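Structure, as structure tokens:
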Amino acid sequence: MATWADLVRPILLLLLLLPASAFYLPGSYMHTYSTGDKISVKVNSLTSIETELPFSYYSLPYCLPDEGIKKSAENLGELLMGDQIDNSPYRFKVNVNESLYLCTTNPLSEHDVKLLKQRTRDLYQVNMILDNLPAMRYTQQKGGVVIQWTGFPVGFTPSGGSEDYIINHLKFKVLVHEYEGSGVEIIGTGEEGLGVISEAEKKKANGYEIVGFEVVPCSVKRDLEVVSKLNKYDKIDPVGCPLELEKSQIIREGEKVSFTYEVEFVPSDVRWPSRWDAYLKMEGARVHWFSILNSLMVIFFLAGIVFVIFLRTVRRDLTRYEELDKEAQAQMNEELSGWKLVVGDVFREPACPKLLCVMVGDGIQILGMAAVTIIFAAFGFMSPASRGMLLTGMIILYLFLGIAAGYVGVRLWRTIKGTSEGWRSLSWSISCFFPGIVFAILTILNFILWGSKSTGAIPISTYFVLILLWFCVSVPLTLLGGFFGTRAEEITYPVRTNQIPREIPARKYPSWLLVLGAGTLPFGTLFIELFFILSSIWLGRFYYVFGFLLVVLFLLVTVCAEVSVVLTYMHLCVEDWRWWWKAFFASGSVALYVFLYSINYLVFDLRSLSGPVSAILYLGYSLVMAFAIMLSTGTIGFLMSFYFVHYLFSSVKID
């Protein structure tokens with residue numbers, strides 16, 4: 001269960017950074033070890049790109065630690081992501097190379113065999129952690145291409161074979177770097193907690209740092225008569241991997257499986273601050289830059305259109321209008337065309353004004369959360385070394401940004417209605433609309449995960465923590481923001497609204513087709529980065545190119561604003577004064593293409609995803625993501641269009 005210390009950890013981190021003169025922030029704070037020091041390996045949930053359902057490591061018949069299974073401290077983000085970090089019986093001694101025996105299981109039961117075969121066929125990976133570094137595995141493909149993986153498979157099935165074999169022998173390679181204390185302050189944010197190393201402690205910290213953790217898995221069939229005489233951690237002879245199938249341990253009912261491991265410590269020139277570089281190698285840099293340049297071309301094209309609208313059309317008409325005398329203005333009013341004809345209707349109350357205010361308020365909250373999170377991540381404050389920190393930080397930011405959501409939503413409500421009446425109800429709706437929908441979707445998915453006995457299921461205790469945070473933090477702050485919105489300076493319309501609505505001319509094609517089509521331009525700036533994000537989520541890869549993501553976010557905001565302004569102006573030019581919702585969905589419709597792209601990614605890139613449960617989970621999470629994108633991008637477009645329309649008609653002097 002997440003504790004309050006886990007939730008306020010990012011805030012404490014910010015406070016600790018203030019007095020620091022120099023610091024390094026990669027993840028957990030540095031440990032140094034002396035030769036012979038005992039270090040333990042931890043195990044995380046079993047994961048697979050085939051099913052996307054994580055399971056506990058000890059759900060399979062692996063060796064148990066002598067002291068029993070003990071869970072490591074989990075923060076809120078780890079719980080929501082399905083991480084379950086436990087201790088393990090794997091023990092190393094620093095700089096001591098050895099080959100050890102662990103245990104031999106009881107004869108495999110029918111249930112054990114079925115489970116092991118299922119996990120093997122579904123390509124489940126065992127994830128291990130040493131000094132906060134995941135175990136890394138290298139495999140060589142045809143053509144000499146080396147592929148890097150985290151974790152190792154539960155077992156393997158030879159091509160064309162019908163039998164499955166279990167991985168029961170691990171060859172570990174631990175890379176160590178000899179460290180001497182320096183004058184650099186190091187601040188920890190990982191599972192070991194926050195802490196600053198003092199100069200006195202640094203002098204004592206000389207020793208060896210763990211800078212790499214690699215594993216080579218193999219399957220070995222042991223002689224039961226020999227291993228029956230061994231005790232845990234007794235030395236055995238090293239094994240060369242891989243072995244022939246005849247010497248591998250088959251998964252079969254009645255078989256006893258012996259688990260063993262080897263460990264080798266190798267000196268390395270890699271320093272501790274750079275030890276995560278091997279995991280965070282950026283692939284496809286050229287693709288990122290191509291996407292950014294393509295987006296810049298779209299921005300300049302749209303900026304040119306906006307420039308023409310403002311300087312050559314709008315300003316020219318307004319200057320010409322203001323230079324005429326009153327009689328000529330009256331005559332010109334009768335000859336008005338285009339956007340000038342809707343001057344008495346352009347600020348008419350839109351349909352479903354409360355829903356619009358709620359969606360804009362929630363959009364501000366989501367957009368603010370995304371922007372601040374990406375900025376912090378781009379500066380290295382939310383490294384993958386700090387498991388769960390990214391998601392925990394996002395939740396905390398979302399909760400506290402409720403004050404901005406309430407303020408913007410209530411102020412827009414006052415502008416539309418001309419009164420603050422009903423602001424409490426509106427603030428409650430803002431605080432419950434998006435979280436309520438997400439909570440409902442996640443609850444349905446959670447029942448599915450519970451039914452599958454997956455560690456991805458949110459514990460009931462975490463549900464209560466989330467509800468507590470929702471109603472004790474987010475709701476009060478949203479109400480407080482709404483109160484500030486009632487006290488803020490009122491936004492007045494520059495023109496009066498006619499009592500009788502002006503008839504909108506019939507159009508050959510529905511205007512909503514143009515609105516939906518407008519979403520393709522923002523999607524063009526987003527889809528390359530979306531591919532990398534989806535790959536990191538569903539294919540188990542690390543995503544750490546937050547610098548690119550920050551640039552893409554800036555481009556996306558710019559394109560959404562420009563697209564919405566152009567579409568709003570086009571609608572006003574054809575005397576369509578119902579621009580409010582169209583301005584919102586002109587940029588918000590990008591979410592439709594994001595969801596369609598997610599389906600495309602499921603069909604063509606996740607072809608191995610097996611079973612309806614995995615597909616339902618994928619589509620459920622994709623729906624939440626698309627809904628959040630719709631609210632945030634729609635809010636950008638609406639607010640920019642509102643400013644544009646207000647600025648445009650504030651220069652019109654019509655009685």
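Every residue gets a Cβ built from N, Cα and C, even glycine.
Summarising the annotation, TrEMBL assigns signal peptide to 1-22. The transmembrane segment annotation in TrEMBL covers 289-311, 364-383, 389-413, 425-450, 462-484, 512-538, 544-567, 579-604, 616-649.
The transmembrane segment (544-567) shares more Cβ pairs under 8 Å with 364-383 than with any other stretch in the list 364-383, 389-413, 462-484.
Away from its own ends, the transmembrane segment (512-538) comes close to residues 49, 52, 284, 287-288, 290-291, 294-295, 298, 302, 545, 548-549, 552, 555-556, 559-560, 563-564, 567, 570, 582, 585-594, 597-598, 601, 605-606, 609, 618, 633 of its chain (Cβ-Cβ under 8 Å, at least six residues beyond either end).
Counting Cβ pairs closer than 8 Å to the transmembrane segment (579-604), the top stretch among 364-383, 389-413, 425-450, 462-484, 616-649 is 616-649. Tertiary neighbourhood of the transmembrane segment (462-484): same-chain residues 1-2, 7, 76, 79-80, 361, 395, 398-400, 402-410, 423-424, 426-428, 430-432, 435, 439, selected by CB-CB distance under 8 Å and a gap of 6+ residues from either end.
Counted over residue pairs separated by six or more positions, the transmembrane segment (389-413) shares at least 3 Cβ pairs under 8 angstroms with the transmembrane segment (364-383), which defines the two as touching.
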